[in-house]
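In what follows, a structure is listed as structure tokens, so that the remarks can point back to it.
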């Protein structure tokens, strides 16, 4: 039995037709936004052909970038709804990583859920979004809906970081995607931090480079100023769901074969 089939069977055993998965990318990074993906699967619409197409589906960390890109196209074709929620560096610094992460996951799942949906969240109980939820530890390697959401979040964030590397060329964001690799720590030591770096993190890499983050009277980091990412919530809807409000942006995270509609706030 393929890995993807096992994940689909896991979701079928939950006994509900509509399953929404949510997962994030970038939680442990020193730089860049946090991105949460939400994917709604209608298990009654997933037949043998769809299961075969999802055969390689797994936790996004177990795939190469090329494999993730291919799986994204499959997810966009099979999912009923797909949502992407991004939370900026400023938002993370102002509200804190954990609170922001839980809110983003809840929003991503809520954006795709319909009445009767069971929301599956990777690892955490999240704030109520009006739908039943279940936290699944290691869910991106157990649930098809969560694994699909992990692919959506990871590909979206990686594409953003590759574009960010063009504006911030000294830090190698296109290689390490903002994670605390030796190369990234070395770049911080040589060049300091950029507007994309999270100032709320009390990182060893910052201390080693002699970087002191200005903080207010409450201990919160002073805003980095212009240049960091904005806070956005974007819901992408596959053609199967119906009407559209606008076409996806040309530089957006989705391939031409992806969703035909987009709604943003």
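Sequential numbering from 1, following the chain as shown.
Just so it is clear, glycine is given a Cβ too, placed from its N, Cα and C backbone atoms.
TrEMBL lists 17-213 with the feature domain 'RNase H type-2'. Taken from TrEMBL, the feature divalent metal cation binding site applies to 23, 24, 122. The feature region 'Disordered' is assigned by TrEMBL to 216-265. Positions annotated as compositional bias 'Low complexity' by TrEMBL: 221-265.
The binding-site residues listed here are 23, 24; among them, 23 has the most other Cβ atoms within 10 Å of its own Cβ.
Around residue 122 (divalent metal cation binding site), the C-beta neighbours below 8 angstroms that are at least 6 residues distant in the chain are 21, 22, 23, 24, 105, 135, 136, 138, 139, 140, 146, 149, 150.
The record gives 23, 24, 122 for divalent metal cation. Within 8 Å of the mean position of their Cβ atoms, the other Cβ atoms in that chain belong to 22, 25, 36, 37, 105, 121, 123, 139, 140, 146, 149, 150, 153. Note on the domain 'RNase H type-2' (17-213): its mean pLDDT in the predicted model is 94. Secondary structure at residue 24 (divalent metal cation binding site), taken from DSSP and collapsed to helix, strand or coil, is strand.
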